[in-house]
Structure formats: structure tokens, C-alpha cells
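Working notes, beginning with the structure itself.
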Amino acid sequence: MARRLAVFLLKSVLHDHQSFDEAFAGSSARDAFAAMESRDRAFARAIATIALRRLGQVEDMLARFLEKPLAADAFEARAILIAGATQLAFMDVAPHAAIGLAVEQAKASRFSRHLGGLINAVLRRVSENKAAILSEQDAAVLNTPAWLWERWVAAYGEATAREIAGAHLEEPPLDLSVKADAAEWAAKLEGEVLPWGSVRLSHKGRVEEIEGYAEGAWWVQDAAAGIPALLLADIAGGRVADLCAAPGGKTAQLAAAGAQVTSVDISASRLRRLGENAARLGLSVEIVKANVGEWQPKDRFDAILLDAPCSATGTIRRNPDIAYLKTAEDIAALARVQKRLLAHALTLLAPGGTLVFATCSLEPEEGEAQIAALLADRADVRLLPIDAVELNLPPEVVTPNGCLRTLPFHAGGMDGFFAARLTRS
Ligand SMILES: C[S@@+](CC[C@H](N)C(=O)[O-])C[C@H]1O[C@@H](n2cnc3c(N)ncnc32)[C@H](O)[C@@H]1O
């Protein structure tokens with residue numbers, strides 16, 4: 001059953017272009033997967049996630065033994081082959097189990113029944129030849145879609161692009177943001193406190209079962225995602241707008257720092273989650289459903305955090321499906337949205353106030369270039385440079401002009417984030 005779910009998840013992402021998390025969440029509502037034990041679901045998730053992290057290598061292996069490419073409508077057989085080869089090459093699953101169950105699954109399906117023999121032959125050859133193939137593959141290049149590889153080489157140089165791609169192969173740790181007493185919680189949970197206050201756990205389990213979850217002592221948030229809110233210093237008692245706020249990781253930080261927070265988002269369902277999260281954490285925030293590009297509050301804000309919608313290529317390590325769901329056109333379209341939201345957000349800032357613009361993208365159009373264009377355009381807007389020492393940040397995450405640029409391999413692994421701190425006269 002685990003293999004069937006893994007194949008369903010791979011088909012959902014690679015063929016139906018659905019997000020992995022949506023497909024995984026939706027799968028439990030399907031009769032076929034409803035009764036699965038959580039251990040099997042976790043194994044299915046592992047197969048599909050590793051397959052997406054290593055997709056280029058896996059497809060390269062398969063192509064070596066397929067006499068001709070599979071027909072376009074053989075997407076189920078393709079997913080069965082990918083799941084099977086992933087188990088053989090990257091999960092140390094016994095060949096008779098990985099191959100036998102793949103063939104069984106194909107034979108039980110009216111779409112793939114006729115390909116059972118081919119699947120058997122190809123997976124056998126993968127199993128026999130995997131060590132030799134792995135030793136000659138260029139994992140970084142193969143596992144990064146070509147258009148992203150070209151962009152990252154252009155933006156960061158080849159050596160850094162290789163480090164980015166390398167980080168995408170690693171299973172990320174679980175990072176928490178803590179309401180208070182990070183050191184105490186790190187000790188209790190046997191984690192470590194990172195210098196800017198996030199707590200990192202190496203062991204994983206169901207988040208809801210970890211001590212402190214139910215009492216609202218902490219929430220899950222990548223260590224890099226925890227930095228933008230810290231850039232708004234001295235906000236206790238101030239009026240702060242968190243724009244594009246749901247599900248509320250940064251809202252929680254701002255509220256825990258003592259600000260009066262107004263959280264704005266366009267999505268009702270995501271705002272519902274924000275409300276639930278704030279309630280669990282015992283934090284009080286004002287929630288507004290609005291389009292940030294048009295929102296007209298009564299008063300201006302002392303501080304604003306705009307965590308704009310973006311391509312999220314900085315989160316590929318946590319969400320490897322993103323590499324196969326996003327396109328270059330998405331980046332251009334999102335950059336236009338960000339420009340509009342940022343221009344409007346600046347109108348909501350009190351003169352002399354501070355605005356942090358953030359995206360979890362590796363693409364300069366959604367970060368460095370966005371801010372360079374704004375500063376060239378607007379004499380009334382100024383960059384307030386970030387000082388790594390001020391927040392105990394590793395020096396490599398601050399750019400020469402004082403913006404935040406984290407990359408997935410920084411600090412033992414973190415999301416790729418960009419942030420700029422601005423003020424308006
Ligand atoms: C990167 S996520 C925000 C994550 C959030 N800041 C956190 O820390 O938990 C971007 C959010 O922008 C919202 N969004 C997208 N376009 C919007 C718009 N025009 N106005 C308001 N919210 C928008 C999405 O619904 C999504 O929740």
C-alpha cells in the first residue's frame with residue numbers, strides 16, 4: 001500500500017501539477033488510502049520525497065535501460081519506475097521487494113498491466129548497475145531542472161549553485177520559533193539554539209506530539225523564515241502590520257515581541273489557520289481578510305512586514321515538488337505582483353517607520369533586483385542596512401549593501417530567503 005501511495009503522490013506532482021502537501025493531505029480522503037497506518041504513510045512520503053529530490057538521477061538511470069522513452073500516456077508506469085528505482089538506488093530497499101512490488105502494482109492496474117515485463121527488466125538492470133551509474137552522475141546538475149540551474153549559475157556562480165543543489169538532497173531538520181526561553185526549550189527538547197534564537201531539533205516525529213506544542217510554547221518555522229520579523233526591532237507596544245501573513249509564523253513572532261499586530265491576507269482558509277495558530281499560542285492579533293494591493297486601513301503603521309507571495313524556490317529543500325511545479329513565467333508574474341504590493345504597502349507606513357520586504361525565493365527578480373529598482377525609482381525610500389552582528393547572524397547571510405540573503409546550505413541548512421529593511425521619509 002505504501003508503494004501505491006508513493007506512486008499516487010508522484011503522479012499528482014509530476015503529471016497533475018498538484019502540490020505535494022495538497023496531494024498528501026487529500027490522499028487520506030480517498031478510499032484506497034484511508035485505512036493506511038501512519039507508518040506506511042510515512043514510508044510512502046519518504047519514497048516520493050526522495051524521488052523528487054533525486055528525480056534527475058533517477059530518470060537518467062531509467063533512460064539508460066529503456067530502449068525508447070515511455071509513451072506520454074504511460075505516466076503511471078513512469079511513476080512506478082521512479083518509485084522503484086528510488087528505493088533501489090537511494091533507500092537500500094531489498095531488490096526483491098522494490099522490484100517485486102513494483103511489478104505487482106503495474107499488473108494490478110489496467111493502465112500499466114501491459115508494462116509489467118518492461119518494469120521488471122528495467123528495475124533489475126538499475127539494481128545491477130546502480131553503483132557504477134551513481135559514481136559517474138553529476139547529481140547537482142541532474143537533480144536541478146535546467147532552467148533553474150542556469151538561473152542559479154547566473155545569479156550566484158557555479159560553485160554556489162552546486163552548494164544550493166547539494167543542500168536540496170538533504171532532509172531538513174525541524175526548526176522551531178519559541179515564544180520565550182529558547183534555551184530552556186532547546187534543553188528540554190534536546191535541540192540547539194541557533195545564535196538568532198531559533199531552536200533546531202534533529203529528531204523528528206509528529207509535531208503535535210512534541211512537548212510544548214499543546215501548551216503553545218513554540219511553532220514550526222524554518223530558521224531563515226524566523227529572521228525577517230527580527231529585522232523590525234523595538235516593536236513592543238507599536239502598531240505593526242503583517243501583510244501576506246497566513247499561516248502566521250511571522251505574526252506570532254511580532255505578537256510575542258509585544259507588538260499590536262494586524263495580520264492581513266487574501267486567503268480565508270489560510271487566515272483560519274492563522275487564527276487557530278494564534279489561539280494555540282495564546283497570542284492576540286487583529287485578523288483582516290483583504291487584498292494587500294488595495295487595502296485601506298484607517299491609520300498608518302509604525303512598522304510593516306510584507307512577506308510577499310513568491311515562487312518559493314528558496315524552500316525546495318523542504319518542498320522538492322516546487323522545482324517541478326514552478327516556471328520562469330511564474331517568476332516574472334510574481335515579481336510584478338510583489339512590485340505592486342510593495343508600492344502599496346509603503347503608502348501604509350507612517351513617515352519614519354520601518355518596512356521589511358521578504359520573499360522565500362532564490363531568484364534575484366524577487367529580491368535584490370526588486371529592491372534595486374524601487375530605490376532607483378523612489379527618492380523618498382531608503383534602505384536601512386542590516387548588520388549581521390546586531391542579530392547574531394552568520395556574516396555570509398548579509399549582502400554588501402545590507403540586505404538579507406540566505407541560501408539553503410547556510411548555517412547547516414535553512415530556507416533561501418531575501419529581506420530588505422526600508423524606511424520612507
Ligand atoms: C509566503 S506566504 C506568507 C507566509 C506568512 N507570512 C508566514 O510567515 O506564515 C504568502 C501569503 O500571501 C498571501 N497573498 C497572496 N497574494 C495576496 C494579496 N494580494 N493580498 C493579501 N495576501 C496575499 C497568500 O495567501 C499567502 O498566505
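Keep in mind that glycine also has a Cβ here, set from the backbone N, Cα and C atoms.
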Residue from D181, D222, D265, D330 that TrEMBL also lists as binding S-adenosyl-L-methionine with C244, A245, A246, P247, G248, G249, K250, D307
D265
Around the recorded S-adenosyl-L-methionine site, report the further residues of that chain (criterion: Cβ within 8 Å of the mean position of the Cβ atoms of C244, A245, A246, P247, G248, G249, K250, D265, D307; site residues excluded), sequence-ordered.
D242, T251, S263, R270, L274
Calculate the distance in Å between the alpha carbons (Cα) of A246 (S-adenosyl-L-methionine binding site) and C360 (active site, nucleophile), and round it to a whole number.
14
Might you list, by sequence position, any residue in that chain lying six or more from K250 (S-adenosyl-L-methionine binding site) with a Cβ less than 8 Å away from its Cβ?
A225, P228, A229, D242, L305, D307
Could you tell me the C-alpha distance between G248 (S-adenosyl-L-methionine binding site) and C360 (active site, nucleophile) in angstrom, no decimals?
15
